[in-house]
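Chemist: Sharing a structure with you now.
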């Protein structure tokens, strides 16, 4: 869970915003899951309408990290559903940010994990295993690198090169 509001983080870190070390994603994401606020170090995936790598990553111990999935902004199918939301919760992931869609929204909303996505779509993705992990991704108007920190609450999503303190 985020230790402080994102608005407060912005107000307290004007220098980091000015030099680009703290960035806000465009306000394009819908809020899902029980955790309205979450934060943690980022793990990145780049996939397109294929969620095999998403499942593989969520099967690992999350240790409070946040999975950031660049699904190319596709709204033609879902990359995360209720089963993967439950897997994320069970394995200790703090949150998931999807540049794409989710499905099984009611199930995801029952999970103790924070989820942000562009929307929902009942169609499932393909299962070919294509994609890349731990690569820089461009989402919501900003470049996001594996190992950076994500902070999310009802006001929005921040990306920081380092862990923040207020």
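Positions of Cβ are set from backbone N, Cα and C atoms, glycine also.
Those TrEMBL annotations? Automatic predictions, nothing curated.
Checked TrEMBL, it gives:
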- 81, 82, 83, 84, 103: substrate binding site (BINDING)
- 104: Mg(2+) binding site (BINDING)
Chemist: Measuring CB to CB from residue 103 (substrate binding site), give everything in the same chain under 8 Å that is also at least six residues away in sequence.
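Modeler: In sequence order, 78, 80, 81, 82, 120, 121, 122, 123, 124 meet the Cβ cut-off.
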Chemist: What are the other residues, in sequence order, whose C-beta lies within 8 angstroms of the center of the C-beta atoms of 81, 82, 83, 84, 103 at the substrate site?
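Modeler: Surrounding the site, in chain order, are 78, 80, 85, 86, 102, 104, 107, 108.
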Chemist: What is the interatomic distance between the Cα atoms of residue 84 (substrate binding site) and the residue listed as 'Mg(2+) binding site', given in whole Å?
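Modeler: Approximately 10 Å lies between the Cα of residue 84 (substrate binding site) and that of the residue listed as 'Mg(2+) binding site'.
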Chemist: If you count other Cβ atoms within 10 Å of each one's Cβ, which of the binding-site residues 81, 82 has the most?
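Modeler: It comes out as 81.
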Chemist: Roughly how many Å separate the Cα of residue 104 (Mg(2+) binding site) from that of residue 83 (substrate binding site), to the nearest whole number?
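Modeler: Given the Cα positions, residue 104 (Mg(2+) binding site) is 9 Å from residue 83 (substrate binding site).
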Chemist: Around the Cβ of residue 83 (substrate binding site), how many other Cβ atoms lie within 10 Å? Please give the count over every shown protein chain.
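Modeler: Around residue 83 (substrate binding site), other Cβ atoms within 10 Å: 13.
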